[in-house]
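Scroll down for the structure; my scribbles are underneath it.
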Amino acid sequence: MKIYLVGGAVRDSLLGLPVTEKDWVVVGATPEHLLAQGYQQVGKDFPVFLHPISRDEYALARTERKSGKGYTGFVCHAEPDVTLEQDLLRRDLTINAIARTERGDLIDPYHGRRDLDNRVLRHVSDAFSEDPLRVLRVARFAARFAHLGFQIAEETMALMQKMAHEGELAFLTPERVWKETEKALGTSSPDVYFQVLRDCGALAVLFPEIDNLYGVPAPAKWHPEIDTGIHTMMTVAMAARLSPDIDVRFATLCHDLGKGLTPPELWPRHLGHGPAGVKLVEALCQRLRVPNPIRDLAKLVAEYHDLVHTVQVLQPKTLLKLFDAIDVWRKPQRLEQLALTSEADARGRTSFEENPYPQGNYLREAFRVASQVSSASVVADGFKGIDVRNELARRRIHALADWKAQQPDVSSTS
């Protein structure tokens, strides 16, 4: 029995990145061997075991044979005669098909080290096309390693395009699509994930609401990049600069979906695109089974992001209505999330990237002023029932009016 470190741990150590988890392959053993040594079997479909002390995953070397559609249609063969090279051959990318012996020697039959050095994402074999989930994984790796200069090999992109064209992506479950997307949103370059999906034709299949934004123009005065699809990617990149919050990044991705509904004869104007986009956000989130808190923020951002751009000229009553609409009294984190997504929208434009966004701080300060007026003080003054809510609103509007009167007169930007 021989044991090898494989996959991401080897790849990340060679890249000088932190290794967060370790996966091992066991060659020349049976399940009975590992169970007798105290390992705990956890894989139902595949022979995967947990080490009795470290709790690392140890998998018996295996081969896989395509037996049906999608990413679950495989027959697994895990016997002591399966070699390490055979096990590595079934993996997605060459950079993930490098093994390290217990002595520290590398075993690299598919030249993954060379591709690491050259910053190339390349599939190991044509068996790549048997698993449609790998299209999303490559897009995610492209996003994760974009800051290191990684590019997708031409032949790998061609294979991904072929898979998208042949309809294999239709067999992916919503949960798997969202899981990969959620991971991609957490990378330093989430926009790259969606750009790769567009380049291979997968965006139109999995995210048609986003794909439909390409080719839709916006006024050049406010959007020198003109194309709404390009603007959307720029805003996602900006959101990643501003916040690590996946909720913020996803909401930014969806903020302009309503522009895809504007009749061409009305271009490049998109009046009412915010509220119009809410139903598209709902449909996208329902289809991919996006968690409710992420969905709810995305819907609010779609509806109200343009209002934040004009926040400095809003009347106190309108400001309070905005705070009520986003339920900021019970969910105060939404105030910061809305400020950040609106800033990402404003700065996610050609030549606007380094511009200040004073509306964000104005919104934050307005909320601070309004929140200093508490319901407890209203109750203490003897108000009861519905009168508490009405008096609380009146006092908050008054506080906002006093504060607003002290602010410098500014013109809003869009």
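Backbone N, Cα and C define each Cβ position, glycine as well.
What you are looking at is a predicted structure, and each value in this text was computed from that prediction instead of being measured.
Listed features, source Swiss-Prot:
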{"type": "BINDING", "residues": "GLY8, ARG11, ARG91, ARG137, ARG140", "note": "ATP binding site"}
{"type": "BINDING", "residues": "GLY8, ARG11, ARG91, ARG137, ARG140", "note": "CTP binding site"}
{"type": "BINDING", "residues": "GLU21, ASP23", "note": "Mg(2+) binding site"}
{"type": "DOMAIN", "residues": "228-329", "note": "domain 'HD'"}
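Secondary structure at ARG11 (ATP binding site), taken from DSSP and collapsed to helix, strand or coil, is helix. Sorted by the number of other CB atoms within 10 A, the binding-site residues GLY8, ARG140 start with GLY8, the lowest. Among the binding-site residues GLY8, ARG11, ARG91, ARG137, ARG140, the ones whose Cα sits within 10 Å of the Cα of ASP23 (Mg(2+) binding site) are GLY8.
Annotation for GLU21 (Mg(2+) binding site): spatial neighbours GLY8, ALA9, ASP56, GLU57, criterion Cβ-Cβ under 8 Å with sequence separation of six or more. Put simply, the two farthest-apart Cα atoms among GLY8, ARG11, ARG91, ARG137, ARG140, the recorded binders of CTP, are 16 Å from each other. The Cβ of ARG137 (ATP binding site) lies under 8 Å from the Cβ of ASP92, GLU180, each of these being in the same chain and 6 or more residues away along the sequence. Around ARG91 (ATP binding site), the same-chain residues at least 6 positions away in sequence with a Cβ under 8 Å from its Cβ are GLY7, ALA97, VAL124.
Cβ neighbour count for ASP23 (Mg(2+) binding site) (all protein chains, 10 Å cutoff from its Cβ): 17.
Close to ARG11 (ATP binding site) in the fold, though at least 6 residues off in sequence, lie ILE95, ASN96, ILE98, GLY112, LEU116, each with a CB less than 8 Å from its CB. Under DSSP, the residues of the domain 'HD' (228-329) split into helix, strand and coil as follows: 79 helix, 0 strand, 23 coil. Same-chain residues with CB within 8 A of the center of the GLY8, ARG11, ARG91, ARG137, ARG140 CB atoms, the CTP site residues themselves not counted, are GLY7, ASP92, LEU93, ILE95, ASN96, PHE141.
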